[in-house]
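Undergrad: Take this structure, written in structure tokens, and hold onto it; I'll ask about it next.
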Amino acid sequence: MHHVNKYFNQTMVIEALKMSFYKLNPKQLIKNPIMFVVEVGMVLTLILICFPDIFGTSYLSRGYLITIFIILLITILFANFSEAFAEGRGKAQADSLRQAQSNLTARLIEENGAYRIVNATELKAGQNIRVENGETIPADGVVINGLATVDESAITGESAPVIKESGGDFDGVIGGTLVTSDWLEIRVESEAGTSFLDKMIALVEGAERNKTPNEIALFTLLTTLTIIFLVVIVTLYPIASYLHLILPIAMLIALTVCLIPTTIGGLLSAIGIAGMDRVTQFNVLAKSGRAVEVCGDVDVMILDKTGTITYGNRIASEFLPVNQQMLEKLIVAAYMSSIYDDTPEGKSIVRLAKQMYINELPKDIDGTYKPFTAETRMSGIITNEISVFKGAPNSMINLVKQQQGNIPLNIESLCMDVSSKGGTPLIVIENNVMLGVIYLKDVIKDGLVERFTELRKMGIETVMCTGDNALTAATIAKEAGVDRFVAECKPEDKIKVIKDEQAKGHIVAMTGDGTNDAPALAQANIGLAMNSGTISAKEAANLIDLDSNPTKLIEVVKIGKQLLMTRGALTTFSLANDVAKYFAILPALMMSTIPEMTSLNIMHLSSPKSAIISALIFNALIIVALIPIAMKGVKVKGYSIDRIFINNMLIYGLGGLIVPFLGIKLIDMIVQFFV
């Protein structure tokens, strides 16, 4: 979805602030052990405010303790806000989607052709409805009659209306979208609770998102580091006593909060939620957060040619007769074989024939139409006088041979010429006589070459699977820029391709929409099923594209990469922060008792009290500063993995070491006048 910015509004910020206070509940906060430690420290500080000498005599004033308490509270609120804000984006999206389907009625077409107005929630799959200009489509469905423009901006964010008509790839409509011209008759495909909008709303408001294995592993590491720092602080107290250094409990609490990885601890949940939301904004349903995360590890992508690499609607561009005298006969025969063919290819053949034939072609032909099937790989019409068919070269040659017909000497070279150009050849026969070849042109989708180049730099190999012959496949693969191809590939062959790649240790992603794709979708590490596909395909996949656009697999994989890189970059920054804060604060605390520590106080912090307050303020502010990065993710450019690693180490590793020194010093220059 492309209308993300409108969710960054005042209402959402206010709701996130409210949720920040609600999440102060220890039952909520204990899910994040790092921030729970901060809350425990905050409670202990509150006790010290009420009873300053409960843990022994302290030289810290009540005002100083209140300052520490407030900063700790703000730190927790900032961390809660980042998570609530990420959740709020999804909820705002759900509210927007819910408005699109509220209070809708439908014009139901009765069996006698009459219309009856009903509530949209009463519609059943299989019923037919009529929607006219200015009306909202009440349910998901397929156009069976009419042609109109439809505004889908409420769903996709795209302002330009799209044309919907029966047949082809543009016959699916989504409930909640607006008809902006003419009228449509639609066969309902979904019932109340199962529509596109319902699925989107269920995703963003559904069950609690479980942590992914990588997230759990990182949480375990961060929790371990927190425990280690707690042990360090606990042992620091007796060491300080031995050195006759007075370290009040409140100062030790503040030091603990500064040293444990609060930055990434406060942002980790938000990073995962924001990653899921970014996938949702592309109208992709992820069955789990793990599916999105695995996308980041994908290094092999299995892509269908038709619909993914090419537009899917192959267009008739030329008639190639076996000899020039046969051209008119070829045009008429191609037209006759396609007049009842509702596929985009068939319609394009009819259009081309009308353009090229100077005489008028018949509008209706009395005969029996034979549709294309996967078994016959041909289609055509049989009348009392003639039979005309078009189809795949192998099928047509075999048919002519079975009926003892003649195979023109140049028919194979004509087919080879078409294949060498990346097109698909269809042979046309009339009464078992080969007339020539129809050149169906495959059109490569715009921008794919650049995207495949970017994926290659990121270490992802692309493999094109196609039913075309090797020559056609090689031409398309070269033009599109994919790394490898598998020609004459049947759906069941994809499983072998996937298993072979997995046996080499690769993480494989693929797309599919049919029942025959289901085993391969289940076998792949990431399976992206089309919403227009079969139920079995959608059940086998772990991602569902509600727009039924196979090319989205590329975007989803990039989002997965971005999620992992964002988590890694901010973890690096957080840990580098902790190291920097350790060397910034400890010398300032110890220099009064251990003069040798003065040389390590490179920032010349004013006093232990100002050093602690400055570090606490910086600790809270850095969480807020990093929220936009957690929400949007770090930029994933078309660099190699090594280049990205080096960039992140320079920006977030080295930056994580330098920024605390500068930040704490600047804050200390102000704080020293108040403590």
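Heads up, the Cβ atoms here are built off N, Cα and C, so glycines get one too.
According to Swiss-Prot, the active site, 4-aspartylphosphate intermediate annotation covers Asp304, on the basis of sequence analysis. The ATP binding site annotation in Swiss-Prot covers Asp341, Glu345, Phe372, Thr373, Ala374, Glu375, Thr376, Arg377, Met378, Ser379, Lys390, and the record cites sequence analysis as its basis. What Swiss-Prot records for Asp513, Asp517 is Mg(2+) binding site. Summarising the annotation, Swiss-Prot assigns transmembrane segment to 34-54, 65-85, 216-236, 245-265, 569-591, 611-631, 644-664 and lists sequence analysis as the type of evidence.
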Undergrad: Would you count the other CB atoms within 10 A of the CB of Asp341 (ATP binding site), including those on all shown protein chains?
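TA: The answer is 21 other Cβ atoms.
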Undergrad: Ranking 34-54, 569-591, 611-631, 644-664 by the number of C-beta pairs under 8 Å to the transmembrane segment (245-265), which range is first?
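TA: Selected stretch: 569-591, with the most Cβ pairs under 8 Å.
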Undergrad: Identify, in sequence order, the residues in the chain of Thr376 (ATP binding site) that are 6 or more apart from it along the sequence and have a CB within less than 8 Å of its CB; answer 'none' if there are none.
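TA: Correct list: Lys370, Gly391, Ser395.
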Undergrad: What Cα-Cα separation, expressed in whole Å, is found between Asp513 (Mg(2+) binding site) and Phe372 (ATP binding site)?
TA: 19
Undergrad: Between Met378 (ATP binding site) and Asp304 (active site, 4-aspartylphosphate intermediate), find the distance joining the two CA atoms and give it rounded to the nearest Å.
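TA: Given the Cα positions, Met378 (ATP binding site) is 21 Å from Asp304 (active site, 4-aspartylphosphate intermediate).
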Undergrad: What else in the chain is close to the transmembrane segment (611-631), if you only count residues 6 or more beyond its ends and a Cβ gap under 8 Å?
TA: 64, 67-68, 71-72, 74-75, 78-79, 81-82, 85-86, 89, 251, 254-255, 257-258, 262-263, 266-267, 270-271, 274, 566, 569-570, 573, 577, 581, 584-585, 588-589, 605, 659-660, 663-665, 667-668, 671, 675
Undergrad: Of the recorded positions Asp304, Asp341, Phe372, Lys390, which one has its Cα closest to the Cα of Asp517 (Mg(2+) binding site)?
TA: Asp304
Undergrad: Mind checking which residues reach the transmembrane segment (34-54)? Cβ under 8 Å, same chain, six or more beyond either end.
TA: 24, 26, 60, 62, 65-66, 68-69, 72-73, 75-76, 79-80, 222-223, 226, 230, 249-250, 253-254, 256-257, 260-262, 265-266
Undergrad: Within 10 Å of its Cβ, which one of these recorded positions (Asp304, Asp513, Asp517) has the largest number of other Cβ atoms?
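TA: Most Cβ neighbours within 10 Å: Asp517.
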Undergrad: Lys390 (ATP binding site) has how many other Cβ neighbours within 10 Å of its own Cβ?
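TA: The Cβ of Lys390 (ATP binding site) has 26 Cβ neighbours within 10 Å.
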Undergrad: Does DSSP give Met378 (ATP binding site) helix, strand or coil?
TA: strand
Undergrad: Among the binding-site residues Phe372, Met378, which residue has the largest number of other Cβ atoms within 10 Å of its own Cβ?
TA: Met378
